[in-house]
Amino acid sequence: MPLRKMKIPFLLLFFLWEAESHAASRPNIILVMADDLGIGDPGCYGNKTIRTPNIDRLASGGVKLTQHLAASPLCTPSRAAFMTGRYPVRSGMASWSRTGVFLFTASSGGLPTDEITFAKLLKDQGYSTALIGKWHLGMSCHSKTDFCHHPLHHGFNYFYGISLTNLRDCKPGEGSVFTTGFKRLVFLPLQIVGVTLLTLAALNCLGLLHVPLGVFFSLLFLAALILTLFLGFLHYFRPLNCFMMRNYEIIQQPMSYDNLTQRLTVEAAQFIQRNTETPFLLVLSYLHVHTALFSSKDFAGKSQHGVYGDAVEEMDWSVGQILNLLDELRLANDTLIYFTSDQGAHVEEVSSKGEIHGGSNGIYKGGKANNWEGGIRVPGILRWPRVIQAGQKIDEPTSNMDIFPTVAKLAGAPLPEDRIIDGRDLMPLLEGKSQRSDHEFLFHYCNAYLNAVRWHPQNSTSIWKAFFFTPNFNPVGSNGCFATHVCFCFGSYVTHHDPPLLFDISKDPRERNPLTPASEPRFYEILKVMQEAADRHTQTLPEVPDQFSWNNFLWKPWLQLCCPSTGLSCQCDREKQDKRLSR
């Protein structure tokens with residue numbers, strides 16, 4: 001046989017082998033995100049009283065990141081950064097106003113259609129993709145059926161969960177997250193109307209001023225209208241905003257908390273079982289442990305930390321079910337699993353009965369909605385038995401934005417070249433090929449405001465953190481903004497610092513002792529480098545539409561989703577009650 005003809009079969013065999021080898025090297029990817037879980041809650045991060053054996057098992061079988069940072073201390077912007085590998089301010093997913101998360105399903109704001117998620121990249125590489133649980137990145141733009149922000153328009157083949165978030169208002173008897181705001185928007189106008197009525201009545205009775213009867217009726221009508229709108233909003237909020245979806249269809253409105261974690265677990269397990277022969281991406285986004293807190297009968301009252309501990313332990317059980325399933329299907333060695341939280345624990349969450357409904361941020365100051373370490377330092381666990389050595393601990397600064405380039409590279413997907421990607425590939429750190437994080441600088445945003453800069457200089461163990469402003473805790477001396485339920489980012493809610501507050505996080509992780517020129521000889525030199533880095537960073541920020549503008553944020557009736565039902569109740573339950581997984 002001529003040599004040229006002999007080469008052809010060998011070349012074909014080589015290319016076939018290369019293709020099969022590439023497919024075999026691409027792992028399944030499971031990204032697990034808790035909601036408002038503090039770094040001090042899991043046992044593997046030091047908690048001795050909440051039982052998290054399955055999260056701990058994940059950590060002992062892989063790598064535990066001790067300085068893993070959320071790109072934002074709030075749900076919506078943090079999740080946008082996680083999905084895109086970019087600071088949320090780059091996509092308009094960071095608010096310039098008081099409210100930094102979406103509160104209505106019928107808002108037009110959301111993750112822009114031109115943003116590229118890791119789900120899009122992996123779907124293009126042949127991965128089957130699913131999001132189970134919480135989305136909170138918007139739904140529709142112009143009509144209720146355009147679904148421009150829906151998970152299925154951002155790279156996911158399958159969606160089962162909630163489009164908004166879990167809120168107190170979603171569970172009867174748990175109060176409302178709007179109470180504080182309504183004190184200004186509702187109660188203050190009512191007080192003004194009431195005082196005006198009494199004053200006019202007194203003047204009229206004393207004969208000092210003649211007030212037509214129509215004025216009294218008008219003021220009474222205005223007060224009744226304000227009160228009616230307030231009560232109507234609270235009454236209809238739950239069915240209009242708290243519902244379960246499967247892909248584009250509402251299947252339960254309002255959603256039921258009965259065995260909700262079990263239902264999410266069943267959906268995740270079924271997705272894995274459907275994709276044992278093809279690579280898959282599963283984002284399992286728990287509703288735990290955001291309020292309203294809940295748990296099934298098997299976990300209620302079983303922990304040492306009330307309903308919060310019950311919820312954490314139920315979530316841990318669910319993680320264990322996924323790990324056990326991977327073992328049963330012999331997929332564990334070929335699956336990269338990542339576990340994290342979208343931000344730190346919400347320390348201001350206290351029930352009307354005085355029970356603590358927020359978690360623990362361990363030794364760290366602050367919590368959700370601020371950039372003290374307690375608000376942004378979150379659990380970060382990765383396991384891939386075939387590649388990552390078990391039992392490691394990495395203290396280098398990493399970000400939840402790093403997941404985007406990491407999974408893209410593992411899937412063989414090229415990174416977009418038409419935009420800045422702020423995340424960095426974690427694999428050199430995880431495989432021990434590098435001892436240093438690729439992040440020399442990280443920037444911490446309070447909504448859309450640049451709040452702080454973190455600098456890890458080369459050839460140094462120091463990790464400097466400079467605050468341009470800090471939240472005003474209330475009461476003074478507490479560890480949170482209890483008067484407003486979360487900390488805000490501007491005006492009288494913050495204190496600006498000139499020069500910035502400077503800490504060495506490597507020596508003072510509790511952020512108790514700000515440095516001074518007397519205690520740090522290079523004080524001004526360090527701040528100069530950090531300010532220059534911040535200036536360079538802000539110059540890379542494009543002008544983009546604000547997804548939290550009043551126009552995008554407010555409720556729009558023509559965008560309201562409602563399942564077909566009799567009357568105007570927006571109530572239905574098409575959810576098939578799957579048999580609960582045994583504990």
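Glycine too: its Cβ is placed from the backbone N, Cα and C atoms.
Since this is a predicted model, take the numbers as computed values, not measurements.
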Ca(2+) site partner of D35, D36, D342, Q343 (as recorded in Swiss-Prot), chosen from C75, C242: C75
By the record in Swiss-Prot, which of N259, N333 is the one labelled N-linked glycosylation site? N259
Candidate set N47, N459, annotation N-linked glycosylation site, source Swiss-Prot, matching residue: N47
State the disulphide partner of C570 as given in Swiss-Prot, choosing from C489, C562, C563. C562
Disulphide bridge to C446 as given by Swiss-Prot, partner from C489, C563, C572: C489
Identify which of the recorded positions N333, Q343, N459 has its Cβ surrounded by the largest number of other Cβ atoms within 10 Å, counting every protein chain shown. Q343
Around the Cβ of C572 (disulfide bond), the count of other Cβ atoms that are within 10 Å: 18
Could you say whether, by DSSP, C446 (disulfide bond) belongs to a helix, a strand or a coil region? strand
Which residues does D342 (Ca(2+) binding site) neighbour through Cβ under 8 Å, counting only same-chain ones at least six apart? M33, A34, D35, D36, A70, C75, S78, R79, F82, V378, N400
If you compare CA-to-CA distances from C570 (disulfide bond) to each of the recorded positions H136, C242, Q343, C481, C489, which comes out shortest? C242
